[in-house]
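This report refers to the structure that appears directly beneath it.
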């Protein structure tokens, strides 16, 4: 025969806390509104008749018309008060019947704290601190779990987590200490508030510094103005040396005076009485720049191609000498 197997669910002893959660849920459960609607009474119930209606009708018939006229207002107020009291009684009866219909185990029990009767205004319980308000992030004994697992991996992970939290707490405290030292150092470096004498003394120093800077600026401005005037004077007084061709545009009568052709090299050398070998480092007759070439026909020196073209125009007679401008 196989040996009977003992199951853990059937063999273990009953826990001391078994059923506590279910009891608390039943105790905190709200009353069912369907029961109240089931036992609620209608205010305008057609099947209900008051026994005292006949007697009131007889009394009303026997009253005289004069009494009705005099006491109409008082009767109306009295009837309204009676109706209000009747409504309150009916509402109280409905609530009582609905409460009686609820099973005893589902009813809310009123608990009276004996310590509350001693003091009329009990002191409020201290508010638990938030995580941001805690001085330390390490868990307190109140935060520890009531039950712990006995697994090896779980214990190791908890130990590692606890060690990491300790290291973080040490780093946080060290950083907080450094911040406090820095704040104290910055506070020590702050200058005390200046008095009126200190402000006047500093204002005098700033005034001297500003006056020196202003004097230096004025001297520099004078020098710049003198340099500018010298440059303008040099531009206005500059002169050109050597042969120059000036083009003049305007209305006027020009007539040919003197020669209209360029002198040849032979005639220039005869006029100056010098030989061609000594004519070195001459300037261009057109641009007055150092000549790099010489015209083979006339022997005149010129600087570049543009000057040579002007010489050719003069040779062809396109340009004539002007006695007014003293130029070609």
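The backbone N, Cα and C atoms fix where each Cβ goes, glycine too.
Taken from TrEMBL, the feature compositional bias 'Acidic residues' applies to 63-80.
Marked as compositional bias 'Basic and acidic residues' by TrEMBL: 81-91.
The domain 'Vps72/YL1 C-terminal' feature in TrEMBL is assigned to 282-311. Taken residue by residue, the domain 'Vps72/YL1 C-terminal' (282-311) breaks down under DSSP into 7 helix, 6 strand, 17 coil.
Per TrEMBL, the feature region 'Disordered' maps to 1-163.
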Point to revise | Counts of helix, strand and coil residues, the compositional bias 'Basic and acidic residues' (81-91), according to DSSP | key: 11 helix, 0 strand, 0 coil
